[in-house]
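What TrEMBL says about this protein:
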type: DOMAIN; residues: B:641-844; note: domain 'Histidine kinase'
type: TRANSMEM; residues: B:6-24; note: transmembrane segment
type: TRANSMEM; residues: B:36-56; note: transmembrane segment
type: TRANSMEM; residues: B:68-87; note: transmembrane segment
type: TRANSMEM; residues: B:116-134; note: transmembrane segment
type: TRANSMEM; residues: B:167-184; note: transmembrane segment
type: TRANSMEM; residues: B:205-223; note: transmembrane segment
type: TRANSMEM; residues: B:251-269; note: transmembrane segment
type: TRANSMEM; residues: B:290-313; note: transmembrane segment
type: TRANSMEM; residues: B:333-360; note: transmembrane segment
type: TRANSMEM; residues: B:381-401; note: transmembrane segment
type: TRANSMEM; residues: B:407-434; note: transmembrane segment
type: TRANSMEM; residues: B:446-468; note: transmembrane segment
Amino acid sequence: MRRGARDDKRFTGLTILAAATGFVLFLPPLLTAANDGGTVAGVPAVAAYLFGAWLAVIALVALVVRRSG
Amino acid sequence: MLTTWFVIGVSVTYLGVLFAIAFYGDRRADAGRSIVGRGTIYALSLAVYATSWTYYGSVGRAASTGVGFLSIYLGPTIMLALGWLVLRRIIHISHRHRITSLADFVSARYGKSVRLGGLVAAIAVIGVVPYIALQLKAVSNTFEIIRRAPEVTESSALGQVPLLEDTALYVALLLAGFTILFGTRHLDATERHEGMVTAIAFESVVKLVAFVAAGITVTWGLYSGFGDLFGQAAAAGHTALFTLGDSTGTWVWLNVLSLFAIVLLPRQWQVGVVENVDERHVKQAMWMTPLYMLLISVFVLPIAAAGLLRFGTGTDADTFVLTVPMAAGLDSLALLVFVGGLSAATGMIIVETVALSTMVSNSIVVPMLLRRGYRGRLARLILGTRRLSIVAILLLGYGYFRLAGESAALVSMGLVSFAAVAQFAPAIIGGLYWKGGTRNGVMTGLAGGFAVWTYTLLLPNFAATGWVPRGFLDHGPFGIEALRPEHLLGITGMDNISHGMFWSMLVNVGCYVVVSLLGRPQAREQAQAVLFVDALDDPSRPRLWRSRVPVRALHDVLVRSMGHRAAAKALEGVDLAVKSGQDADPDLVHHVETVLAGAVGAASARMMLTSVAGEEQLGVEEVMEMLDEASQVAALEERHRLARELHDSVSQALFSMTLHTRAVELALQKQGGDPTGPVARGITELRGLTQDALAEMRASLFQLRPDALREDGLAEAIRKQSAAIASREGVAISVEAPGYRLPLDDRTEEELFRVVQEAVHNAIKHARPGRIDITLLDDSVDLPGAVVIEVTDDGTGFDPATVSSGGMGLTSMRERMRRIGGGLVIDSTPAGSTTVRAVLPPATAGEAR
């Protein structure tokens with residue numbers, strides 16, 4: 001296989017992985033664990049969890065994009 | 001204190017700035033110095049996703065469902081992470097086939113079907129017009145609220161504003177003007193509107209700044225940070241803020257819905273696919289657009305909390321962003337928020353109407369006219385249709401707002417619109433990855449899904465507005481409880497969106513798959529399926545036009561549909577004076593069809609060409625030919641296998657034969673045999689023959705494997721090729737090259753190899769040399785970092801000045817070197833030898849590595 005095509009496949013694979021991470025983090029059952037009505041440092045726990053997870057997924061995608069050049 | 005005229009002045013100034021920016025963007029594009037050639041602009045323009053519905057409505061939803069509003073952004077984050085897999089593929093296909101709308105894409109994928117394109121366009125218009133109404137409502141309401149400052153009015157208490165005093169009407173008219181000016185400036189094969197995109201990117205910045213400014217002021221100005229704000233909210237018993245709201249089922253469905261919406265909403269398709277200038281921008285948007293969404297949502301919950309604390313739960317939470325600063329006396333902030341909301345609404349309306357008008361003109365009006373045998377000038381007609389449909393769509397939206405504006409039902413139209421465009425998902429996603437999907441499958445799937453959507457989501461909305469009797473909703477049609485629109489088969493416990501999505505998707509996907517599998521696709525459908533699904537693997541495209549079309553006829557069609565200038569541009573490089581009477585070659589016909597498709601849509605382009613060329617003869621053989629790619633691959637693999645086996649058996653045997661004959665020769669000499677005797681001569685000859693056979697064998701093996709160059713590297717490939725030529729032509733060829741593989745990319749290797757091949761071939765043909773020396777230098781002393789290849793022969797030379805530049809393949813060699821950024825020097829005299837020197841300078845060589 002050509003080098004360019006192989007890099008492209010690799011990149012696509014990594015982004016699919018990032019999207020899958022998003023699926024796992026954003027949807028139940030992991031989400032339900034955070035949805036307990038409590039607070040974390042004064043902020044609703046479920047909101048803190050979702051924003052944290054969201055930022056993590058964005059960072060992951062940004063990292064993969066940066067690495068691919 | 002904000003007077004009405006001041007607010008009007010600010011709004012008009014803002015729209016004026018928008019005009020100026022769009023104008024500037026278009027000017028830059030015309031001058032060839034485009035500003036949309038940047039990933040950031042692309043990522044920002046994708047943020048047109050955040051409309052006034054989310055700008056104001058998110059806070060409203062947060063007040064009742066806590067972080068439930070986030071699903072609208074989390075789905076798109078996942079879809080954009082998959083951007084390289086899905087969006088990039090769609091862009092790639094759309095650009096190659098000059099597809100300029102979603103309807104056109106579906107139509108083109110399934111055999112360029114006119115009816116299918118029309119259906120998609122109709123669904124898009126019906127599904128999205130209420131959404132436009134929603135934007136106008138937001139503009140109208142917020143304007144009324146802000147002009148009554150400092151008194152805080154709830155939007156439910158606003159009542160209907162008289163028609164001529166309604167800001168929404170003027171905004172709609174102004175936006176129609178803007179959209180016509182910048183969205184239908186000219187008929188272009190790419191349908192790109194750079195000015196518009198620039199303005200949209202600017203609007204994205206404005207709404208983000210306004211919302212974040214409001215959020216920061218509320219959180220740290222009116223309260224002392226998140227902790228304080230949420231602490232007070234908890235103490236006041238606003239527990240809804242601390243949950244996910246709704247059921248988790250709803251949460252999942254909303255994620256799925258918005259996941260599709262980020263690509264399939266007509267405006268998203270317009271900015272994401274049609275206006276995309278470079279596929280690589282997708283990479284930037286993959287993280288930047290979600291980051292934008294995150295930033296614009298951070299303060300939704302705090303503002304909702306502040307609004308609840310200030311006004312209590314019974315009030316209209318949708319306008320908290322505006323009313324909280326107003327109640328605190330922060331007039332200028334309120335004005336900024338209003339402008340932000342205005343930008344969110346106008347951005348959405350502009351792009352949405354451009355996208356819809358393209359669909360209406362290319363997928364509904366033009367095909368209809370062509371069907372009826374319209375033969376007049378199309379260019380002007382298409383532009384006229386687009387302008388007219390822009391006005392019509394905006395007025396439709398405005399009319400819908402006036403009729404349904406008072407009811408709360410309009411607010412829920414946002415998600416209902418999402419559900420309408422989600423109906424395109426099976427056709428498009430399936431069409432990208434599954435060759436088996438057929439036109440009939442999509443037709444039934446779409447029609448079925450849309451019917452279920454109408455029944456379970458649109459009609460209940462009408463019922464809530466009062467257009468349909470409510471009893472229909474509560475007891476089902478004719479009192480049949482199992483057919484209640486929001487509780488089909490008596491299912492309860494699902495909210496209306498999840499319920500509607502479940503049933504419509506079930507019918508849609510079900511019909512698509514079942515009908516596709518049971519039916520038999522037509523030849524043309526299969527052809528298009530192959531083109532779309534294998535889009536990324538196959539750089540060449542099959543020639544579909546086999547009928548004979550005179551070039552003149554093609555020219556006429558182009559002039560008729562796009563005007564003289566565009567036609568001349570499309571046929572650039574074709575000498576009309578000479579060729580106009582001749583038949584066009586299939587490539588040219590294909591080119592013209594693609595260009596036409598950009599202006600009038602794929603289905604119409606096909607119809608127009610059919611009208612001049614006669615029904616095309618796309619027989620079973622041609623389609624088989626295209627589907628035969630797989631067997632071609634199989635043939636290649638077979639050749640590989642053969643080459644490997646020959647190498648392992650015959651080549652090895654020949655090699656041992658040369659060793660053995662040499663051994664016999666030596667043994668004979670040792671035993672004192674006569675070196676000139678018949679035995680010795682025979683053996684020497686035998687050794688020569690074996691060696692020749694071995695060289696010949698190696699050359700044949702090399703030719704059996706078409707990608708040998710790629711596998712062996714440039715130096716090794718030149719060595720093997722030279723050995724083959726040397727044994728065939730009886731010339732001594734020496735190759736001096738580094739023992740390692742030069743780190744060049746495939747294309748550079750290929751071009752350099754061809755240049756060497758051509759040079760050697762030339763030398764043998766014209767110079768009749770005794771020997772040829774090939775030197776390959778990587779990083780030579782006089783040119784560090786460069787790659788230099790020299791081919792020198794000792795035959796009769798020529799005077800480079802007298803040989804016409806086109807002769808001896810010199811042009812093609814020069815052209816090859818130029819393509820990879822290198823140069824070619826030929827040094828020859830009629831008396832002496834010839835040296836062809838190909839140089840790849842250090843910079844290019846470095847890049848090609």
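Yeah, the Cβs are placed from backbone N, Cα and C, and that goes for glycine too.
Note that TrEMBL annotation is computational and uncurated.
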Intrachain neighbours beyond the transmembrane segment (B:381-401), with Cβ under 8 angstroms and 6 or more residues off its ends: 125, 129-130, 132-137, 140, 168-169, 172-173, 175-176, 179-180, 183-184, 186-187, 349, 353-354, 356-358, 360-362, 365-366, 369, 410, 561, 599-600
Range from B:6-24, B:36-56, B:116-134, B:251-269, B:407-434 with most C-beta pairs under 8 A to the transmembrane segment (B:167-184): B:6-24
Contact ranking winner - B:36-56, B:68-87, B:251-269, B:290-313, B:446-468 against the transmembrane segment (B:116-134), Cβ under 8 Å: B:446-468
Model confidence over the domain 'Histidine kinase' (B:641-844), averaged pLDDT: 80
Result, the transmembrane segment (B:6-24) in contact with the transmembrane segment (B:333-360) (3+ CB pairs under 8 Å): yes
Chain residues in Cβ proximity to the transmembrane segment (B:251-269) (below 8 Å; excluding those fewer than six residues from its ends, i.e. six or more beyond): 46, 48-49, 68, 71-76, 78-80, 86-87, 90, 101-102, 105, 124, 128, 244, 348, 351-352, 355-356, 359, 415, 417-419, 421-422, 424-425, 428, 497-498, 501-502
Distal contacts, the transmembrane segment (B:446-468) - CB-CB under 8 A, six or more residues away: 116, 119-120, 123, 126-127, 130, 403-404, 407-410, 412-413, 416, 419-420, 423-424, 426-427, 485-486, 488, 496-497, 499-500, 503-505, 507-508, 510-512
For the transmembrane segment (B:36-56), distant same-chain residues with Cβ under 8 A (at least six beyond the ends): 25, 29, 69, 72, 76, 80, 131, 134-135, 138-139, 142, 194, 197-198, 200-201, 203-205, 207-208, 211, 261-262, 265, 267-268, 271-272, 275-278, 280-285, 288-289, 292-293, 296, 318-319, 321-322, 340-342, 344-345, 347-348, 351, 411, 414
Most Cβ pairs under 8 Å with the transmembrane segment (B:68-87), selected from B:205-223, B:290-313, B:407-434: B:290-313
